[in-house]
């Protein structure tokens, strides 16, 4: 019995050593990816450079400094259909650090969502995602948290990590992405970001899986999630009471991919400062419709921190430098009905026009003719008229057939 226990303890020690070696290999970048960590991005066009196509954006003038992407940290809450694909795209883009939050496990029912694989069923989503993402790009730093952010004991830790979990410990993350599938979690993220003044982006897919949206939330500047909440939130309805037994929401990998794509595109434009960042961008798969809009914050928002952020933004706005534009001199309008100064030139001279005109009638003073009747040409051919014979069309046709 003692020997069996000793063998088991020895085996446990061997496994712990193997686990430590595996962790060391992952940190060093010698894991499953087959390459070491790249210290600096290069634009060298070779097959062995994973960043050559990304750095081409700089060479083509789209982005001024693509290397800056490695200095940013992004937190993703919800590693499901949209969140996992979002994390994969940012990993492939070479983001500096990703913080992943989710409490769910991978199920076979998730296999239609593009990212997870069948052998990962039963694993926590954050662990499965980290394992796959680290093998894709070992240059990215990962921090995973397997818990529900809406619970009291975990909400404070969630706030601590987004305010101190940046690329450098103690610095806030640069952006928080909401990829959750319920309003309770969205409200928790909204509350945390309003309190911290943290910019975040929200995303979602409709229950029938044929539409979705993304929304940028800048505390104080744009509407937060509580400024114009959905009916289920405004009515304080428990979401659990709305779900029927045996009925689940639809899920299309195409819609998930589109929403994740436009979300990451907006993230890249926001971080790397190129193009126009959308405050709201919708997607309707039925009509291929992409509506955009900007929503102002609600001065009577239920979230007190949102109202506080609005007041602080109003104080900051006058101090922000405004882009001065040189005054443009307005060109004098030649004629109110002809602002372009277009002139119509006749191909006929005044003398020719006078000679070809007919007699001008005598008119009272102040009245002129718009045009004159042209003279009848003397060499014009007179019209030839034929007298009506009185025969019908049928008779004429019969006579023609006899000829």
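Each Cβ is built from the backbone N, Cα and C atoms, and glycine gets one as well.
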Matching 268-280, 281-293, 320-332, 333-345 to Swiss-Prot annotations, motif 'UFM1-interacting sequence (UIS)' lands on 333-345
Determine which of 49, 148, 208 appears in Swiss-Prot for the same ATP site as 81, 102, 125, 182.
148
Looking at the candidate ranges 210-241, 306-337, report the one that Swiss-Prot labels region 'Disordered'.
306-337
Quick check: with 224, 227, 301, 306 left out, which same-chain residues have Cβ atoms within 8 Å of the centroid of the Zn(2+) site Cβ atoms?
190, 194, 223, 225, 226, 297, 298, 302, 303, 307, 310
DSSP state at residue 306 (Zn(2+) binding site), helix/strand/coil
helix
Composition by DSSP (helix, strand, coil) of residues within the motif 'UFC1-binding sequence (UFC)' (388-403)
10 helix, 0 strand, 6 coil
What is the separation, in Å, between the Cα atoms of residue 301 (Zn(2+) binding site) and residue 392 (phosphoserine)?
89
